[in-house]
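Visitor: Okay, these came from Swiss-Prot:
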{"type": "BINDING", "residues": "Cys98, Cys105, His117, Cys121", "note": "Zn(2+) 1 binding site"}
{"type": "BINDING", "residues": "Cys128, Cys135, His147, His152", "note": "Zn(2+) 2 binding site"}
{"type": "COMPBIAS", "residues": "1-17", "note": "compositional bias 'Polar residues'"}
{"type": "MOD_RES", "residues": "Ser19", "note": "phosphoserine"}
{"type": "REGION", "residues": "1-23", "note": "region 'Disordered'"}
{"type": "REGION", "residues": "90-282", "note": "region 'SBD'"}
{"type": "ZN_FING", "residues": "41-76", "note": "zinc finger"}
{"type": "ZN_FING", "residues": "93-153", "note": "zinc finger"}
Amino acid sequence: MSRQAATALSTGTSKCPPSQRVPALTDTTASNNDLASLFECPVCFDYVLPPILQCQSGHLVCSNCRPKLTCCPTCRGPLGSIRNLAVEKVANSVLFPCKYSASGCEITLPHTKKAEHEELCEFRPYSCPCPGASCKWQGSLDAVMPHLMHQHKSITTLQGEDIVFLATDINLPGAVDWVMMQSCFGFHFMLVLEKQEKYDGHQQFFAIVQLIGTRKQAENFAYRLELNGHRRRLTWEATPRSIHEGIATAIMNSDCLVFDTSIAQLFAENGNLGINVTISMC
């Protein structure tokens, strides 16, 4: 199979828990929804969850908004620090909607599992996956690729499951990132090579692939990175990271292709390093 090759320019420095899908509206469902609505914070309209504190008149406000307030937003009285144990007991029997329900998540779950689910929810806004950039963009999964195409136009995209990722000028000093996109199997993958000083005086390269998609979708693929040349070969195979996870943790834990500058020189030619990238379906 022929490989495509392109130059990567330096950029500078859910799987959700098993869901309880919302069924057709029944008396039980309506009753639960009515109860859940009683826990809505009057400031942010998220839910007030245990531990629940009330003002002297019995009004509730969520723990995120409470530190920002000087008085009760409902009655303007003192906030106080009265804990409402009876309401907390009711909260234990209510199934609360995910905070991303307006974006399409249909899961309802106990308050004890709500925060954990929302951290992994596939409807949570995605951040810009471009490393080394100070881009603060967030949006839906469908909007990620249009954002990259319009705001990060220097990133090259190659078609096919078997390509060459060419990082130029790898001897540049300091922390440097190289980024390229690969499109195959109807999905887009971001290839990232980072050079950073993880330990004092010891620079290393970290290469990884992430899917522009959910964690569940990422599990359907595997990627292989290979340095090849001068009768030497260095290979790494793994499951792509979802852009929901990001790559910072993987790099911190060395859960990617890792090699130091001396190894890079064994495979580089004229300061450029080619990495063979193969994406396959599991």
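Using the three backbone atoms N, Cα and C, a Cβ is placed for every residue, glycine included.
Note that the structure is a prediction, hence the values are computed from the model and not measured.
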Visitor: If you count CB neighbours within 10 Å, which one among the binding-site residues Cys98, Cys121, Cys128 has the smallest count?
Guide: Cys128
Visitor: When secondary structure is assigned with DSSP, how many helix, strand and coil residues does the zinc finger (41-76) contain?
Guide: 3 helix, 4 strand, 29 coil
Visitor: For a three-state summary based on DSSP, what are the helix, strand and coil counts in the zinc finger (93-153)?
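Guide: Its residues divide into 24 helix, 9 strand, 28 coil.
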Visitor: Using the alpha carbons only, what distance in Å do you get between His117 (Zn(2+) 1 binding site) and Cys128 (Zn(2+) 2 binding site) once rounded?
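Guide: It is 21 Å, counting Cα to Cα.
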Visitor: Cys98 (Zn(2+) 1 binding site) to Cys128 (Zn(2+) 2 binding site): how many Å between their Cα atoms?
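Guide: Cys98 (Zn(2+) 1 binding site) and Cys128 (Zn(2+) 2 binding site) have their Cα atoms 23 Å apart.
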Visitor: Taking only the Cα atoms, work out how far His152 (Zn(2+) 2 binding site) lies from Cys105 (Zn(2+) 1 binding site), in Å, as a whole number.
Guide: 29
Visitor: With Cys121 (Zn(2+) 1 binding site) as the reference Cα, tell me which of the binding-site residues Cys128, Cys135, His147 is the closest one.
Guide: Cys128
Visitor: Mean pLDDT for the zinc finger (41-76), rounded to an integer?
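Guide: Mean pLDDT for the zinc finger (41-76): 95.
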Visitor: Do you know which of the binding-site residues His117, His147, His152 has the most other C-beta atoms within 10 angstroms of its C-beta?
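Guide: Of the binding-site residues His117, His147, His152, the highest Cβ count within 10 Å belongs to His117.
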Visitor: Since the record lists Cys105, Cys135 as binding-site residues, which of them has the fewest other Cβ atoms within 10 Å of its Cβ?
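Guide: Across Cys105, Cys135, these binding-site residues, the one with fewest Cβ atoms within 10 Å is Cys135.
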Visitor: Where Cys135 (Zn(2+) 2 binding site) and Cys105 (Zn(2+) 1 binding site) are concerned, what is their Cα separation in Å, rounded?
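Guide: With the alpha carbons as reference points, the distance is 26 Å.
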Visitor: Between Cys105 (Zn(2+) 1 binding site) and Cys128 (Zn(2+) 2 binding site), find the distance joining the two CA atoms and give it rounded to the nearest Å.
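Guide: About 21 Å separates the two Cα atoms.
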